[in-house]
Amino acid sequence: MKIGFIGFGNMAQALARGLVHGGAVEADAIGACARDRAKLQRNTEPFGFRAFDTSAEVAAFADVVVIAVKPYQVESVVAPIREALKSKIVVSVAAGLTFDDYERMLAPGTAHLSTCPNTPVAVCEGIVVFERRHSLSDGQLKAIEELFSHVGLVLTVDTPLLGLSGTICGCSPAFVAMFIEALADAALKYGIPRADAYRMVSQMIVGTGKLQLETGQHPGAMKDAVCSPGGTTIVGVGELEQRGFRGSVIAAIDAIQAKVNKK
């Protein structure tokens, strides 16, 4: 299976690297085009990906065409290759565009699916959220699920929840990175070298997430398991609660959704 990216920004690059790293495809089975040819070369050559000059070349090369440009650019990008895409599987990673948008932009009968991935797909620990409504055949859907399962967890949601899922999965890595940085700064303050602090904190987050996924334990119970009566952890929990830790996280999502809903 050959994968072609129209647009090759951070998300597309993360997906491409993850697909190779996860053993889904070989590097030469991935191709891309982008407006900035020099930048495209810099982002493809080191990994063995193919660089194309036009979206038509990508469509001719690929079995699966990933639309990875900004949402406002999609219609103008798709229009010139509308007929070529009829024989392809079209996967969108453009935020905010759903089944109905692509039904309008693509030729009738085109197989298409809207998704929301996040950047940890680059190391095969990401999330790819599928819109439940799509026009793929059962066989095509199974093939795409198998393809993306190499880069992380695949979840399917109803259309009204796709954008919110993108917010939770796509924006939150920035918040987690801030948390990593803050904990590492605290570790540094008390004498742990920064490089060690980053490794400690990052592994703690990976391990905690894996523990929840594998056990299905409620996060509150996981928190309680670390807190002992009169102990140190509960003191820290109390301080975070007093400073509005949970409320700040929820408020961040509220702010993002408010901006999304204005568009």
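Quick reminder: no glycine exception, Cβ is built from N, Cα and C everywhere.
According to TrEMBL, the features are:
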BINDING   ILE6, GLY7, PHE8, GLY9, ASN10, MET11, ALA68, VAL69, LYS70, PRO71  NADP(+) binding site
DOMAIN    2-96  domain 'Pyrroline-5-carboxylate reductase catalytic N-terminal'
DOMAIN    167-260  domain 'Pyrroline-5-carboxylate reductase dimerisation'
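Feature annotations (TrEMBL) mapped to structure.
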{"residue": "ILE6", "record": "NADP(+) binding site", "Cβ contacts under 8 Å, 6 or more apart": "ALA32, CYS33, SER55, VAL58, VAL65, VAL66, ILE67, ALA68, VAL69, VAL77"}
{"residue": "PHE8", "record": "NADP(+) binding site", "Cβ contacts under 8 Å, 6 or more apart": "ALA16, ALA32, CYS33, ALA34, LEU40, ASN43, THR44, ALA68"}
{"residue": "ASN10", "record": "NADP(+) binding site", "Cβ contacts under 8 Å, 6 or more apart": "THR119"}
{"residue": "LYS70", "record": "NADP(+) binding site", "Cβ contacts under 8 Å, 6 or more apart": "GLY7, ALA94"}
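Across the residues annotated as binding NADP(+) (ILE6, GLY7, PHE8, GLY9, ASN10, MET11, ALA68, VAL69, LYS70, PRO71), the two Cα atoms farthest apart lie 15 Å from each other. Confidence in the domain 'Pyrroline-5-carboxylate reductase dimerisation' (167-260), given as mean pLDDT, stands at 96. Around the Cβ of ALA68 (NADP(+) binding site), a 10 Å sphere holds 26 further Cβ atoms from the protein chains shown. Reduced to three states, the DSSP call for PHE8 (NADP(+) binding site) is coil.
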